[in-house]
Amino acid sequence: MPGRKFADGEVVRGRWPGSSLYYEVEILSHDSTSQLYTVKYKDGTELELKESDIKPLKSFKQRKSGSTSSSPSRRRSSRSRSRSRSRSPGRAPKGSRRSVSASYQADAKEKEMRREILQVKLTPLVLKPFANSVSVYNGEPEHMEKSATPPKNKQERVILSTEDSYIATQYSLRPRREEVKPKHRVRGTNLVTRGPVPLGTFQVTTPQRRDLEFGGVPGALLIMLGLPACVFLLLLQCAQKDPGLLQFPPPLPALRELWEARVCGVYLLWFFLQALFSLLPVGKVVEGTPLVDGRRLKYRLNGLYAFILTSAAVGTAVFWDIELYYLYTHFLQFALAAIVFSVVLSVYLYARSLKVPRDELSPASSGNAVYDFFIGRELNPRIGAFDLKFFCELRPGLIGWVVINLVMLLAEMKVQERSAPSLAMTLVNSFQLLYVVDALWFEEALLTTMDIIHDGFGFMLAFGDLVWVPFTYSLQAFYLVNHPQDLSWPLTSVIIALKLCGYVIFRCANSQKNAFRKNPTDPKLAHLKTIPTSTWKSLLVSGWWGFVRHPNYLGDLIMALAWSLPCGFNHILPYFYVIYFTALLIHREARDEHQCRRKYGLAWEKYCQRVPYRIFPYIY
């Protein structure tokens, strides 16, 4: 591996990305892996530069002292002065005159260079001053906001999605003579398109994160070991007659009882059947958010079609008396098969990520093998047109959740010898079915979430999508099989009203966000106010997003409480989902907060002042 050329603390000249201008910088550090230098400009800007973009100071001094050439106009011979003429005795010698002229021209050139430097306006991650710059989003600014600079293109005024954490460092440049031209990579595929790059901006590849989340490497190890144990603990506890906290769960069955080839075969059949459904040429094709290099990946949205085909297949199985009760009696075995499959998939994902270019890695990756195996190294792993992460996010786990709930409903009727499912089981199935259908109907919204645009695809998402979602989110239905609950109609009415309230908040907030992102000039949204940012995006500060910073999280939690209440109040186990989901969303909100503060700077501070509550009004 080549050694470094410049030492830490050395003062050199660094080329500003996208231009031919060099500025005085200080070497802060050197990454031996990426061969990039972290440098600091005089205005405090820190960037990572290649060694070829850094020059020692002496090279510039030599050029300055040795530059004695005249301007192009003076280098040309004038026809009127082509013949030699006599020199007056009072004139200085020719060589002295030439040196004075060269010195004068060098000084003039240096002044011109200084003027050129002064005309470059650096605004890295720092907002242009928006004095009270809260404006009506497609109307005239208020009287105190006249100084705010509006975006050049109205279509760029899209809503901030706090899940949308695509990190692009943008600088606003005004060179006099040089136009910054974005560079595009050439790819021979029709699955990728490039979005237009606004004039006056360019993107700098975001370096890999050094501040590790989830407790770093120790936290990642603890989570990877603890999650499978937690799944088995919950399922064993829920199957007991008394699932109280003071009751220890029965011991885990022997491995030879847990591992069944037939169960593994059924699970693999399920996974590949969903993969086949996702490859069907039905549903519209949309583009994702821009990647670091400007590309946009294409996604086929046919999740709802896959759900309909799955429902038809399950209905056919019920019609032909195929024993779905087998899933209930082998629930632990199916959980183990899913765990093993998620681990194998994670190993494959990590192995393939070692061969991909650096610009295809996740911004969350760190360079540590353990942490990257957990968080995921590759951002968008694909096999041809098949996007592994996008597929696993909704299809096998989310649709599998509905199938498991249906099996638990049939199991309740068989175990409790009912002719019809209980009211509590019906509410749980109906509420969660609505939640899944909503996610599949608005599948396009997934493309702007943190999971898709920021986190890589590793153990965290693979285990969460394939194991955690179907086997722990169905805990309420699993609980009701052996712990029946009788609900009164007044209580049922309250639960239904709570569910509808949560769903209205959840859906209206997400719909408002998506509508603003797609068409900021929609007259239906003319009443909304925004805070402009230096990235040409705007932060909604009214409507649902002026109520709390994450109204969709609030609605999500209300719905989670609503589908846990039918399980009664005898045990806390059915409320595990509410407790876990509250902790998850608070943690995710903190991640959103950190990234939005880095991306939007002072505009985010202003937004937080206008909307002080994060999720729960007047509480948090």
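Even glycines carry a Cβ here, placed using N, Cα and C.
Note on Ser65, Ser96, Ser147: Swiss-Prot annotates O-linked glycosylation site at Ser96; no matching annotation appears for the rest, which is not proof of its absence. Residues 525-547 are the range that Swiss-Prot records as transmembrane segment, among 387-409, 525-547.
Between the CA atoms of Lys606 (N6-acetyllysine) and Lys55 (N6-acetyllysine) there is a gap of 40 Å, rounded to the nearest whole number. Cβ neighbour count for Lys599 (N6-acetyllysine): 22 (other Cβ atoms within 10 Å of its Cβ, all protein chains included). Taken together, the residues of the domain 'Tudor' (1-62) have an average pLDDT of 80.
Secondary structure of the domain 'Tudor' (1-62) per DSSP (helix as H, G, I; strand as E, B; remaining residues coil): 9 helix, 28 strand, 25 coil. For the transmembrane segment (486-506), same-chain residues at least 6 beyond its ends with a Cβ under 8 Å from one of its own Cβ atoms are 422-424, 427, 431, 434, 438, 544, 551-552, 554-563, 565-566. When each of the listed stretches 216-236, 263-283, 304-324, 331-351, 525-547 is scored by C-beta pairs under 8 angstroms to the transmembrane segment (452-472), 331-351 comes out highest. Across the structure, Lys599 (N6-acetyllysine) and Lys55 (N6-acetyllysine) place their CA atoms 30 angstrom apart. The Cβ of Lys55 (N6-acetyllysine) lies under 8 Å from the Cβ of Val12, Arg13, Gly14, Arg15, Tyr22, each on the same chain and at least six residues away in sequence.
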